[in-house]
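K.L.:
Feature annotation from TrEMBL assigns Mg(2+) 1 binding site to Asp11, Asp143. The active site feature in TrEMBL is assigned to Asp11, Glu71, Asp143. The annotation Mg(2+) 2 binding site is assigned in TrEMBL to Glu71.
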Amino acid sequence: MPVTRRILGIDPGSRITGVGIIEKNEKEAPQCLFGGCIRLTAPEESMRLGSLFAEIQTLVQTYQPTEIAIEQVFVNKNVRSALKLGQARGVAIAAVMQANLMVYEYAPRQIKQAITGSGAADKSQIQHMVQVLLSLEQKPQVDASDALAVALCHLHTDLTAQKVSRKSTHRRNRLAWESYDRTTSR
């Protein structure tokens, strides 16, 4: 039976949070199931965070992802912005933890590198590559493409790790066999 992975990518924001859900079967290219933005318009911050929590929980219940990938907070000179971003990120993580799912975190530079081949890629390059990698008819919104890029980064990083793991396991098995062969031939 083919294994299907469904990954929810989250690009947290204090006003707009990008979300993207991709699905990957063993022998097929990844498909975009959903890409969009959660716009937080409530006047008070606590209400916005509550809305974000509820929206993320609804996405998890609707699409039932098997894995969650989220962008790490990029710390800039504006401490207040970083704090608000950290709160939104924490709320998003808490919402998915209710479903008992593993959360994987990726730095912005790592995501850009995985998607475009350059850790210094700009937003339009990410949009273009997300469109190409997911065979989308048009470019997704910026925040949605960032979230889809997070999901794709997790997929590619995990697939690469699996390949490396298989190769190193094969090498360990071969070395163990060679060691066994040497000890028995004495």
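Backbone N, Cα and C define each Cβ position, glycine as well.
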K.L.:
Rounded to an integer, what is the Cα-Cα distance in Å between Asp143 (Mg(2+) 1 binding site) and Glu71 (Mg(2+) 2 binding site)?
P.N.:
12
K.L.:
Any idea what DSSP makes of Asp11 (Mg(2+) 1 binding site), helix, strand or coil?
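P.N.:
DSSP call for Asp11 (Mg(2+) 1 binding site): strand.
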K.L.:
Quick check for the class: what is the C-alpha distance, in angstrom and rounded, between Glu71 (Mg(2+) 2 binding site) and Asp11 (Mg(2+) 1 binding site)?
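P.N.:
Computed Cα spacing between Glu71 (Mg(2+) 2 binding site) and Asp11 (Mg(2+) 1 binding site) is 6 Å.
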K.L.:
Using a 10 angstroms cut-off on Cβ to Cβ distances, just flag whichever of Asp11, Asp143 is the loneliest among these binding-site residues.
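P.N.:
Minimum Cβ neighbour count within 10 Å, taken over the binding-site residues Asp11, Asp143, occurs at Asp143.
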